[in-house]
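**Q** The structure follows.
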Amino acid sequence: LARVEGFLYTVADAAVATDVVTDSTSETVQQAQQSDWFSGVTTVMEAVLKVLKDGLTTLKVPYAYGFAIILLTVLVKVLTFPLTKSQAESTISMQNLQPKLKAIQQRYAGDQERIQMETARLYKQAGVNPLAGCLPTLATLPVWIGLYRALSNVANEGLLSEGFFWIPSLAGPTTIAARQSGSGISWLFPFVDGHPPLGWGDTIAYLVLPVLLIGSQYASMQIMQPPQTDPSQKNTQLILKFLPLMIGYFALSVPSGLSLYWLTNNILSTGQQVWLRKLGGAKPVVASGGGDIISAGQAKRSTPSP
């Protein structure tokens, strides 16, 4: 769990790339941030977020920044939906080919070279690329890192000071700089005169969002988790059950604006996957069970004609 937590913090720190130890260090980091891969995406995301906020403010919509974060997350989800659909179709196709792959492994057990050859032939016959499920994820990764960094920059600029319904401030209860200095959850502990530093009212209000994030993450895992028939996967599933708790802990040490983005993104992702995988939105190239594809593991030998 310590390694998983360290990995999450490392990824987040690489994405945010901010440091406020000294003024000179801050300027150096900002210059590096402006010249890396994601600087263009981050700039666009930050500009769109501010435009959405200004538009909502003009329309006199309350909690403008909170709704701007939600709208921007929805917009990014819509723009990346074709890639998400492609990934889901590829994943379903690979799952539908599993009976064929097992038949090949059983027929040529012990002959790894033949198994690899027949597996490649099966993929070609089915029109499936095993890497197609990974490519959309890699393509959308810069977008989501750019969005995360844009929200982090806005929080560092002090623009998320307004609240959102029950949340006192989207910039609270802590800052990214506080987390990087090791005091990200100092708003919870230690207690002062029997109550947390922020008081019970604000503390409970800030805790609602991480709790909702953990609950939505667990619900998403239960909805989307496929049936496990391989005993070797039990340990992996056990580890995955702890990930929502780690994400919830991570949400305790960042501004609430980022937690609001994570919660919105998780709900939208779950809805998309339910529609694609369970309601027929995805159209995989391979039907359930492999369709009419005849693999080497199922083919019958016949007497060759003269």
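Using N, Cα and C of the backbone, Cβ positions are placed for all residues, glycine too.
As annotated in TrEMBL:
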- 63-84: transmembrane segment (TRANSMEM)
- 65-278: domain 'Membrane insertase YidC/Oxa/ALB C-terminal' (DOMAIN)
- 131-151: transmembrane segment (TRANSMEM)
- 203-221: transmembrane segment (TRANSMEM)
- 242-263: transmembrane segment (TRANSMEM)
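Quick one: where do these features end up spatially?
**A** Cβ atoms under 8 Å from those of the transmembrane segment (63-84) belong to residues 45, 48-50, 52-53, 56-57, 136, 139-140, 143-144, 147, 151, 154, 159-160, 162-165, 167, 170, 257, 260-261, 264-265, 268-269, 272, 276 of the same chain, restricted to positions at least 6 beyond its ends.
Taking Cβ pairs closer than 8 Å, the transmembrane segment (203-221) reaches residues 166-168, 172-173, 187-188, 195-196, 240-241, 243-245, 247-249, 251-252, 256, 259-260, 262-263, 266-267, 269-270, 273 in its own chain, all 6 or more past its ends.
Outside the transmembrane segment (242-263) by six or more residues, the chain places 1, 4-5, 8-9, 12, 65-66, 69-70, 73, 147-148, 151-152, 154-155, 160, 164, 167, 169-176, 178-179, 184-185, 188, 206-207, 209-214, 216-218, 221 with a CB less than 8 A from a CB of the stretch.
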